[in-house]
Amino acid sequence: MLRNPALKTVHAATQRFVTSQVRNYSRRALTTLAAFPDLRMETMVQTTTKHGMDVIHDPLLSKGTAFSLSERERLGIRGLVPPRTQEMDKQLQRIIRNLRECRTPLEKFIFMTALQDRNETLYYRLLIDNLEELSQIIYTPTVGEACQRFHSIYRRSRGMYFSSLDRGQMAAMVHNWPHDQVDVIVVTDGSRVLGLGDLGANGMQIPIGKLSLYVAGGGIRPTSILPVVLDVGTNNESLLDDPLYLGMGHRRLEGDEYYSFVDEWVHAIQNRYPNALIQFEDFKYPHAYNLLHKYQDKICCFNDDIQSTSAVALAGVLAALKARGKSIDNLNEERIICVGAGSAGVGVCEGIIDCMVEQGKVKSREEAYSKIWMLDQHGLIGNAHLGATDGATPAPIGLGDRAKLDERQLCYLKKDMKDRMSLEEVVKAIKPTVMLGLSGAPGVFTEGAVRAMADGVEKPVVFPLSNPTHQSECTAEQAFKWTDGRAIFASGSPFKDVEFNGKTCKVNQINNAMSFPGLGLGVTVSRASRVTGKMFMETAITIANMASEEQLKSGVLFPGVGQLREVSKEVAAKVCEVAYDQGLARAQLPPGSNLKTVIEESMWNPSYVSLIRLADH
């Protein structure tokens, strides 16, 4: 405390001067952003009205031990933190040492969550510097177990929950969120979490994990993200019977009641955050398609499981063409089996169909559909009446109980093949070049089916894409063993490279994270009013073209997650180009600006900046 009256006067005058300068700086920054609202350059200072322990307990403000002496004085935290200032490099050493002592992936997940809850800048620095390793902790495969045990390991609230208790109140509730600018929202109803099924409100870990990748991989600011759960109940009996379950204890809303609930939420979000990108995540079939169809031409939104998965899977298929010495324009020559007819399976196949049509080497969309054979849990979607006649009478096209399939699934019905043929039977009949797994059924890629595929092609493309790891249709080791090391392999969850007959067989990961952070960055920078199919196609082509010839020869299809920020910059640039070409961009680029430079300067980078306290008026 200052006892000398003269010093008090000088101190007060200095505070007023600093405050006025910061306010003026903030006004100039806001003026710049008004002209081009997406160029969020790093500032030299961060302002707050908080004081004392409120600063220490705010993860967006806290620096832990890194507060300078002058910050400790002006923020009223002198004596509230250890006296020795330690910068971020020392903090990272301590964090990594403690992280290494965690025995299981779930323990590491809990440790990372605790760090995020107390110091987000340090959390994201650690994540970016170790993205290849830690993305597997904060997202797949560890996030699956974290979702299953969410109600048991819950520590601190993050994100927003809109439940069946909140009908008629959502428009007011959205104003409880403390940040006035939100760029990206990830929302789930927890009805189909990874390959684990209905996890209800426990699904909150999915939006949190996805948004961590938006920040670490796409440079979206942590203050402008919002994870959301729409808690419409659960049909998971074990959760309903668990007294610790944190979600609504009733069965799921369905039909008109469900869709009106979602509609109220969408309108509430649009009223407060009209420019936000909404990512629908882990909604079960057919809700996933119905919601996408309803909103994709009205608001800025997409479905990650349908469209991002499709883009990255398409990128893998195109890159596999290049790895076999072919052009990506020869997609129509592929014979593709897809095991899985849900939202992800249909979504991936529709992306492939779109690309075939765009390339112009098929005469119609119907011809493109003829290149894909789809199986569900019963087997091939085929002709139920085929083989039911005496051979002299042509078999009618029969649906039988396939009448329950919707119009999107029926596009893949094979009129000339028997219904419910097994995977191995289909493989032997058509000799596929590509086999995709999006079934959530572990082991469905049997040894017989994979060996039969390898008998028909030199380099079989085997993509078991279901998450988490234990839900994969086959393992990397099985795929390489059954193909004598010739497979081009990519999975949904990470596997290690495989040693086979003295050579290292490379494993790729078809990870949505290669797509959505860059897409979100591009949409945010351009302020695109819609997300279009063209954006996803260009995303796929961009990713497919990122591997060098040497990498492709070795079996590497595209960069790993450790290079996610570089991938995101390239994807964002393409998304921006499409947004401007299609007349969807609302942001005005400064004259003479370079788009990639604008994108790079828009990406948030975690580092400590000086904290200034403003008087709370």
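Think of each number as a place in line: the chain as shown, counted from 1.
Using the three backbone atoms N, Cα and C, a Cβ is placed for every residue, glycine included.
Copied over from TrEMBL:
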type	residues	note
DOMAIN	116-296	domain 'Malic enzyme N-terminal'
ACT_SITE	Tyr139	active site, proton donor
BINDING	Arg192, Asn467, Asn511	(S)-malate binding site
ACT_SITE	Lys210	active site, proton acceptor
BINDING	Glu281, Asp282, Asp305	divalent metal cation binding site
DOMAIN	306-580	domain 'Malic enzyme NAD-binding'
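Here the candidates are the binding-site residues Arg192, Glu281, Asp305, Asn511. The one whose C-alpha lies nearest to that of the residue listed as 'active site, proton acceptor' is Glu281.
Annotation for the residue listed as 'active site, proton donor': spatial neighbours Gly209, Lys210, Ser212, Leu213, Ala513, criterion Cβ-Cβ under 8 Å with sequence separation of six or more.
Around Asp305 (divalent metal cation binding site), the same-chain residues at least 6 positions away in sequence with a Cβ under 8 Å from its Cβ are Arg192, Glu281, Asp282, Phe283, Ala288, Ser343, Ala344, Gly347. One residue stands out among the recorded positions Arg192, Lys210 for having the most other Cβ atoms within 10 Å of its Cβ: Lys210. Maximum C-alpha to C-alpha distance over the listed (S)-malate-binding residues Arg192, Asn467, Asn511 is 18 Å. In the predicted model, the domain 'Malic enzyme NAD-binding' (306-580) shows an average pLDDT of 93. Cβ environment of Asn511 ((S)-malate binding site): Thr140, Val312, Gly492, Val561 lie under 8 Å away, each six or more residues apart in the same chain. Counted within 10 Å of its Cβ, the other Cβ atoms near Glu281 (divalent metal cation binding site) come to 27, all protein chains included. Counting every protein chain shown, 26 other Cβ atoms lie within 10 Å of the Cβ of Asp282 (divalent metal cation binding site).
Within the same chain, the residues at least 6 positions away from Asn467 ((S)-malate binding site) whose Cβ sits under 8 Å from its Cβ are Thr140, Pro141, Gly144, Leu194, Gly195, Gly492, Ser493, listed in sequence order. Listed in chain order, the residues near the divalent metal cation site other than Glu281, Asp282, Asp305 are Thr188, Arg192, Val193, Ile206, Phe280, Phe283, Ala288, Asn303, Asp304, each with its Cβ within 8 Å of the site Cβ centroid.
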